[in-house]
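Q: Positions annotated as repeat 'WD' by TrEMBL: 6-47, 48-89, 142-183, 187-228.
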Amino acid sequence: MRPILMKGHERPLTFLKYNRDGDLLFSCAKDHTPTVWFADNGERLGTYRGHNGAVWSCDVSRDSMLLITGSADQSAMLWNVQTGQQLFTFNFDSPARSVDFSVGDKLAVITTDPFMGHTSAIQVKTIAEDPEDQIGESALVIKGPQGRINRAIWGPLNRTIISAGEDTIVRVWDSETGKLLIESEKEVGHKKPITSLTKSADGSHFITGSLDKSAKLWDTRTLTLIKTYVTERPVNAVTMSPLLDHILQEEIGGVKGHFGPINALAFNPDGKSYVGIKKSNIISGFT
C-alpha cells in the first residue's frame with residue numbers, strides 16, 4: 001500500500017468527497033477554505049474562498065462542474081469547480097451542517113443546526129441550470145428533531161431523505177411532503193449520537209457510525225437493520241467499498257501513521273484507493 005501525504009489546510013479537516021470520476025478530491029476544514037486536489041498524486045489544484053467559518057461538508061455534481069459547501073457561518077455556497085468562482089449563497093439563521101446533491105443535481109438537501117432558539121432543520125433547495133436564475137427560497141423545510149442532524153442524504157430516486165444525528169435515531173422522510181415515513185427502533189438502533197452516514201454505490205443500503213462504539217448497516221427502503229459492527233472505540237467516520245457487495249467484520253489490514261482521531265473517510269469510486277484524515281493532514285492509502 002503506497003500512502004501519499006497531502007498538506008495544505010491550516011486547521012483540522014472535517015469532510016472528504018471524491019467526484020464521480022475519482023480524479024478529483026475535495027476537502028473541507030475549519031480553516032474556512034474548501035480545497036480541491038488531484039486524487040492520483042495529491043497535487044493541490046485550488047481553493048474556494050468566501051466562507052467565514054468552519055466548513056462542515058461538501059458535495060460535487062455528477063459532471064464535476066458544481067460544488068456545494070455547508071458552513072458554520074450560517075450559509076451554504078455554490079461554486080464553479082473549475083474557476084473557483086462563488087456562484088450563489090444560501091443564507092440561514094443557523095450553521096449549515098450537511099449538504100448533498102440529488103441524483104440529477106437538480107436539488108440539494110441542506111441541514112441546519114439548532115441555534116439561538118431555532119431547531120434543527122432539513123431544507124431542500126432547487127438548483128437552477130443557470131446560476132443567474134438561482135433563488136434562495138427552500139422548496140421544502142422539515143423541522144428536525146432535538147439536537148443536531150449530522151448527516152442527511154437522498155434516498156432512491158430522490159423520493160426520500162435519510163437523516164441521522166445527535167438523538168441517535170435514523171429517520172426516512174418523504175422528500176415532497178416532508179412527512180416522516182419511518183424511523184429506527186430504539187431497541188436495535190444506536191445508543192449514542194450518530195456521527196456519520198454513508199450510502200452504498202447503488203443506494204440499496206447505507207451504514208451509520210456512532211459514539212456508542214458501533215457501526216450499523218441498514219436497508220435503505222425498509223430501514224431494516226442488516227448487521228451491527230462492534231468496535232473498541234467511538235466511530236467518527238464510515239465508508240463502504242464501491243466494488244464489494246459486503247462488509248468484512250474481521251480486520252483485514254491497517255495503515256500506520258495516525259496519532260489522533262480519524263475524522264473522515266472516503267473511497268475512490270474505482271474502489272482501489274481511499275483517503276482518511278486527521279487534524280490538518282490528509283493521508284491517502286492506495287492499493
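All positions are counted from 1 along the displayed chain.
Placed from the backbone N, Cα and C atoms, the Cβ positions cover glycine too.
Keep in mind that what you see is a predicted model, and the values were worked out from it rather than measured.
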Q: Would you report the average pLDDT that the model assigns to the repeat 'WD' (142-183)?
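A: That region's mean pLDDT is 96.
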Q: For the repeat 'WD' (6-47), give the DSSP counts of helix residues, strand residues and coil residues.
A: 0 helix, 22 strand, 20 coil
Q: Determine how many residues of the repeat 'WD' (187-228) DSSP places in helix, in strand and in coil.
A: 0 helix, 22 strand, 20 coil
